[in-house]
Amino acid sequence: MEKRLGVKPNPASWILSGYYWQTSAKWLRTLYLFYTCFCFSVLWLSTDASESRCQQGKTQFGVGLRSGGENHLWLLEGTPSLQSCWAACCQDSACHVFWWLEGMCIQADCSRPQSCRAFRTHSSNSMLMFLKKFQTADDLGFLPEDDVPHLLGLGWNWASWRQSPPRAALRPAVSSSDQQSLIRKLQKRGSPSEVVTPIVTQHSKVNDSNELGGLTTSGSAEVHKAITISSPLTTDLTAELPGGPKNVSAQPEIPEGLATTPSTQQVKSSEKTQIAVPQPVAPSYSYGTPTPQASFQSTSAPYPVIKELVVSAGDSVQITLPKNEVQLNAYVLQEPPKGETYTYDWQLITHPRDYSGEMEGKHSQILKLSKLTPGLYEFKVIVEGQNAHGEGYVNVTVKPEPRKNRPPIAIVSPQFQEISLPTTSTVIDGSQSTDDDKIVQYHWEELKGPLREEKISEDTAILKLSKLVPGNYTFSLTVVDSDGATNSTTANLTVNKAVDYPPVANAGPNQVITLPQNSITLFGNQSTDDHGITSYEWSLSPSSKGKVVEMQGVRTPTLQLSAMQEGDYTYQLTVTDTIGQQATAQVTVIVQPENNKPPQADAGPDKELTLPVDSTTLDGSKSSDDQKIISYLWEKTQGPDGVQLENANSSIATVTGLQVGTYVFTLTVKDERNLQSQSSVNVIVKEEINKPPIAKITGNVVITLPTSTAELDGSKSSDDKGIVSYLWTRDEGSPAAGEVLNHSDHHPILFLSNLVEGTYTFHLKVTDAKGESDTDRTTVEVKPDPRKNNLVEIILDINVSQLTERLKGMFIRQIGVLLGVLDSDIIVQKIQPYTEQSTKMVFFVQNEPPHQIFKGHEVAAMLKSELRKQKADFLIFRALEINTVTCQLNCSDHGHCDSFTKRCICDPFWMENFIKVQLRDGESNCEWSVLYVIIATFVIVVALGILSWTVICCCKRQKGKPKRKSKYKILDATDQESLELKPTSRTGIKQKGLVLSSSLMHSESELDSDDAIFTWPDREKGKLLHGQNGSVPNGQTPLKARSPREEIL
């Protein structure tokens, strides 16, 4: 049972390698080695900071590094320098060795055994540097530093080296696509072969049931050994391992005669079609078996030598459909050891884009391919054995089934053609020729034709002919298709000489005239010729000889005849063309005798007029005659006198001055023979019957303020003669306010403006030409403004003519800021002059949908409040006054509001609370009762009077008290202190007792120093104080002496 298998590339590990110089100039490598060592010395000295982290080990040149597993190598991004590569490896704990290859820094993690393998490149551009880090020196799977010379001393055959295929993917320091691009670029550069150190062979199962494109594989799943190989060119090199013999010799393992077989490289292209050249035999080399003590993987087990097998898949195979099967055989030059067999693995490398097919025997020596589609297929066969590996390539080209060619068919159009001079050019089309593939060549050849200087021969699809001469031509068209098949056909062309046909004379149709007409014009310009007429000649036919006639223009196309008489005239026209050919034509003119009939007069239909129409027209233009009417005459034959006829001698006359009655007017017409005819017309004039006009006004009008204009339509009024005047009047009971615009009260439509609330009644009077009139009545109802109570008016300090639309918009915007609403929410209803220098603006404020209108008194109060808080110049115009349009003050229910002054008019016995008006909101009111104010005022006045009297009395009592003056005398030391209280002359005043003076009293009396009098003169005169001896006046009791403290109080 077949299974669809996919052939995938073998995921062997790979590594980059540089250019390998194929020169024996050792001094160049020595110079490069010296330069590199010098750079590392400078690098070591300039990186003291990193010296504590890692130390430089030995450096190996011409040696590369290969990963034994996955993700042990990674490429440092960018274009680093050698110093930055070394520093990066030191800073990375996973980096133990780095490989410097032509400006690329490849770092490696070789901390695990079998993770890294070294191989020799023999290129001075390849350098491997070991770094000594903490606890990592023993873990490296490389050769000891002392064993480096063993690798450098190997004798390699450079001519047999090949670049090793990739076996291990680098760590993804860069993107996978970039790595693959870089790898392919390095692989194309071509470098010498490399030697791979042996590794331990690992086994893994490979699932052979994977799909590859459209190919299917039959067979069962097999288990193969995954063997690491060095290159596809069968080079088997084994490097000397540490501890092994230093002398290595290369032993060819192929028979004689094959050692000199040249090796060819596989040629691959990135295009769709790729060609792979099979790899012939290449020499194989082997070296000494390594010792078990030293290996790159730090293992004691010996590594087997991989033997390179020379594999051939045969020559390239090419088949052509319908054959779609092919068999590929793989051949191995070396025979397998006894008891062993080779395993085969066929892989599809290159294939066409949309391909399909089946593979059978994918893991056998013979691969059978079937059901292949056209295209190029490249197969690779991998042969593996015990410690042996080889590859071979072969191409299979499947060509499409060859097409069976059909010869083309030559087609010319037209096949037969005839032209006449002066036409001397034409074309013959051969592009309609057909072929099953493609016509690649057209060839025209003139087979037959008149004698000329040069025959026609062209290689175009369309044959263009010119300067042809009269004669018969035969042209041959030969077409060639893409396969070389041909076909021919012919085309015939006849060129005739120019033909000059005789002219065709045309003298026109026969003519008939009647006397007295005796002249006519004949036209011969309808005569034709193919090349043109050169002359015309008119003549009288022999049958008309002897006729009297005058002829003019006998040598022109037009003949004028006159003075003809009654009879038949035959004229002959002779025309001549450019070569003298002539043609004739005849025309007959019949002159009939005169047959005159009298004219037919037609005065027109009767007419009926109604006064005041007193004029009309009389039309006789429909009168007729067989010849010609030469005169018209209008006359009044019946009717009242006093009429006037204008243009009475013409076909159309005008009658004026008609009166009530019946008139008869007669028309007389005459022809050239003085024959005449008459016709009459009646004109009836009736008295006027006037009907009075009818006045009609279209419906009543209802408007709602603030709309204050209206129009009344009286144009439907009618009259039989026409209305001559309209007059609109206002009823006496209508409001007097309102204006008539443009004197429209005398027009059919009345325009009114500035109407006020109320009902207007208007009367329309219409009058006709006779003075009769009619009237109609209508009303105009003006309803109050539903927003009247919410209207706010502002008196602005600006002339109304100076308030522009821009200033208005700015002012509305400022009002919106004060009220906290949008500009569109403020609807201005009216702007009108208030005084000569002020303007009144009326508006209302509504909110956003559903457009609810704010209360007018709240808006006015808010504006007043906000303006008090703002600066005086906040508005662009000073607001002189802000109020509602209608006065909405309740006047404390004791008065009414004056709509003009917007203030309260209080009822009797009530007055305004001026304190509230002045100190609070300033709103007029009628809160105070006059009676209460009078009582309160009286009480206040009385209280103030009492208070004033009390204050005055207190002040007077204070002023009426006598002041006590103390008189002191200086006493002798032996005298006693005494104080005499002098009696007053007033009766009824008690006298105070004497108070003895002492030194304390003397000091206390100094508080009232203004009243102290020192009476030194009394002492000098020897006068004694009253009561000095303790006596008291009669009738008085001695006062108790006060203590000094009481005296002070």
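One is the number of the first residue shown, and numbering goes on along the chain from there.
The backbone N, Cα and C atoms fix where each Cβ goes, glycine too.
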Can you dig through Swiss-Prot and tell me which residue of N247, N1029 is labelled N-linked glycosylation site? N247
Which one of N395, N472, N799 gets the tag N-linked glycosylation site in Swiss-Prot? N395
Which one of these stretches, 190-233, 234-277, shows up in Swiss-Prot as region 'Disordered'? 234-277
Under Swiss-Prot, the annotation region 'Disordered' belongs to which of these stretches: 518-545, 770-797, 966-993, 1022-1049? 1022-1049
Across the topological domain 'Cytoplasmic' (954-1049), what does the mean pLDDT come to, as a whole number? 48
How big is the Cα-to-Cα gap, in Å, between N395 (N-linked glycosylation site) and N487 (N-linked glycosylation site)? 41
Note down the number of other Cβ atoms within 10 Å of the Cβ of N487 (N-linked glycosylation site), including every protein chain shown. 18
Around the C-beta of N395 (N-linked glycosylation site), how many further C-beta atoms are within 10 angstroms, looking at every protein chain? 21
DSSP tally for the domain 'PKD 5' (694-785), helix/strand/coil in that order, comes to 3 helix, 47 strand, 42 coil
